[in-house]
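A short write-up of the structure that comes next.
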Amino acid sequence: MLTDLLGIPPQVLFGQLLLGLINGAFYAVLSLGLAVIFGLLNIVNFSHGALYMLGAFATLALVQFFGIGYWGALVLAPLMVGALGIVIERLLLRRLVGVDHLYGLLLTFGLALVIEGTFVKLFGASGIPYAAPAALSGGVNLGFMFLPWYRAWVVLASVVVCLATWLLFERTKIGAYLRAGTENPKLLQAFGVNVPMLTTLAYGYGVALAAFAGVLAAPITQVNPLMGSNLIIVVFAVVVIGGMGSIIGAIVTGLAMGMIEGLTKVFWPEASATVIFLVMAIVLILRPAGLFGKTA
Amino acid sequence: MKTKLAYLLLLALLLVAPFLVYPVFLMKLLCFALFASAFNLILGYGGLLSFGHAAFFGGAGYFTGHALKVWGLPTELGILAGALGAALMGLAIGQLAIRRHGIYFAMITLAMAQMAYFLFVTSSFTGGENGLQGIPRGTALGLFDLQNNLTLYYFVLAICALGIGLIARTVRSPFGQVLAAIRDNENRARSLGYDIERYKLLAFVLSAGLAGLAGATKTVVFQLASLTDVHWHMSGEVVLMTLLGGLGTLAGPAVGAGVIVTLQNYLASGPLSAWVPVVLGVIFVICVLAFRRGIVGELRALIRNSF
């Protein structure tokens, strides 16, 4: 076998590939949320990482204060964070309509500092463990590797949510409105569609996606206030690689980058932290608009 | 006449300042004023939001630290080596980033700076988590002992004045005018026959090199090069300083740097020390929402309106 030739045990190779796939699933869900928000608001949501972290903390809070477990949190945490997103959009981002888009980036950067700084102060920078649900504990031996159920679930759930988002955008009426709003908001407004409301909902939905990823991540990485702060930079690189033009593009790029990162961990561990940035540099040289992007 | 008088007054103030205020604090202020001014060159005058300037600021700190501590270069050459290294990094990152516009430019510079951060963390010459400590300050021109804070202050003042002077000169030069034209209307500038990519790249390299000059000087002052200066928080801080002071104004970034550094120093010693990032975040939000012209920009508008 190829793996034996390279002197890498298949257990290690497939184990890292699975880990990569999981990271890739997070990249996909997060970059998808960024793309949805970017489509209607034309801003890059720098607080995406902080809101992802809030999703994980909401999961903790739900079990601690209300005794609501993982499955409830999977629905409630994105709703809670999505509601917060709607407040942020209405209260703050709404005021930046018509201003240079860079200010949106700066505003959400400031928000990320506030949210993360507050949580570091309250909970410290160390992680808080969260147990995976009992139904998904254990795993199955596939012969060439051990597959923990929870990890399989994370990949499955992410892909399902991404595909559902794609269906929502491509096959429903509200999706058609959202795409029209991305294309030409003024004309859409002239047709009698409430574009400001649509924009608010798009931000809420994008943010809820981030929180969903946060809930999925809670049992894997320990819940900690800075869990989203470095992740968001990698997700930015993924967005540059894929281009924000297409939903399928975001999903494919996210998963692929996770796998590449996993493979790098096996063959050249020192480079695993930088490989995605390297891919970004190469893509920028060969295809500046991004793999799925249309214009620079 | 009036501006000349103002400059003379400022110079006099800067010359006597170390007798009134702790010189090390003043030197820190000066370094950040230069850093923010260098950053303003690319954001305020070039219209390009770089979110990776910490790589140049902190990177130059490492280069200078290495040059002074391991190679034993004279202080001036060490600082020059740091600035040059930062300019080269700027050339590499700028080449990639100018291929895209707007927010993509910001994301690319941020990602490349993060890559640089990881390289600095893992390479052995930076000392990893510990950083480079005990970097010798050396002498200025082989004559003046820089171990003395007062002597060092005038040395740092000279460097920062030169740096900011160069920026002021650049902005008013034909090159600076073309840069502003590109910022205001890229297609128009292109149709007038300007090679806008070259202008952007040159501005980026210049900005990176000067940010490096600031970082290199800071390393000599504190005799330390550490990860704090290459972390993306630092990139965010310099954006805030520039924004708070006033984008695209000459004095703005220095004023913004002064406010932020003073605030940090003040908060760090009080009960609010753990809240510094939150306070900075709140200032960020307020600036963007209500205060986009910055302190200097608002003052200027106020003066213009009242006469």
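The backbone N, Cα and C atoms fix where each Cβ goes, glycine too.
Just so you know, TrEMBL annotations are computer predictions that nobody has curated.
Per TrEMBL, the features are as follows:
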TRANSMEM  B:6-25  transmembrane segment
TRANSMEM  B:32-57  transmembrane segment
TRANSMEM  B:77-96  transmembrane segment
TRANSMEM  B:103-120  transmembrane segment
TRANSMEM  B:151-168  transmembrane segment
TRANSMEM  B:201-226  transmembrane segment
TRANSMEM  B:238-260  transmembrane segment
TRANSMEM  B:272-291  transmembrane segment
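Outside the transmembrane segment (B:103-120) by six or more residues, the chain places 48-55, 58-59, 62, 89, 93, 96-97, 126, 227, 230-232, 235 with a CB less than 8 A from a CB of the stretch. Cβ atoms under 8 Å from those of the transmembrane segment (B:201-226) belong to residues 24, 27-28, 30-32, 34-35, 37-39, 41-42, 45-46, 48, 50, 53, 56-65, 68, 75, 78-87, 89-91, 93-95, 97-98, 126, 131-138, 146, 152, 156, 159-160, 163, 166-167, 170, 175, 179, 238 of the same chain, restricted to positions at least 6 beyond its ends.
For the transmembrane segment (B:32-57), the neighbouring stretch richest in Cβ pairs under 8 Å, chosen from B:6-25, B:77-96, B:151-168, B:238-260, is B:238-260. Long-range contacts of the transmembrane segment (B:77-96) within the same chain, counting only residues at least 6 positions beyond its ends with a Cβ under 8 Å from a Cβ of the stretch, are 52, 55-57, 59-64, 67-68, 71, 108-109, 112-113, 116, 138, 159, 200-201, 204-213, 215-217, 219-220.
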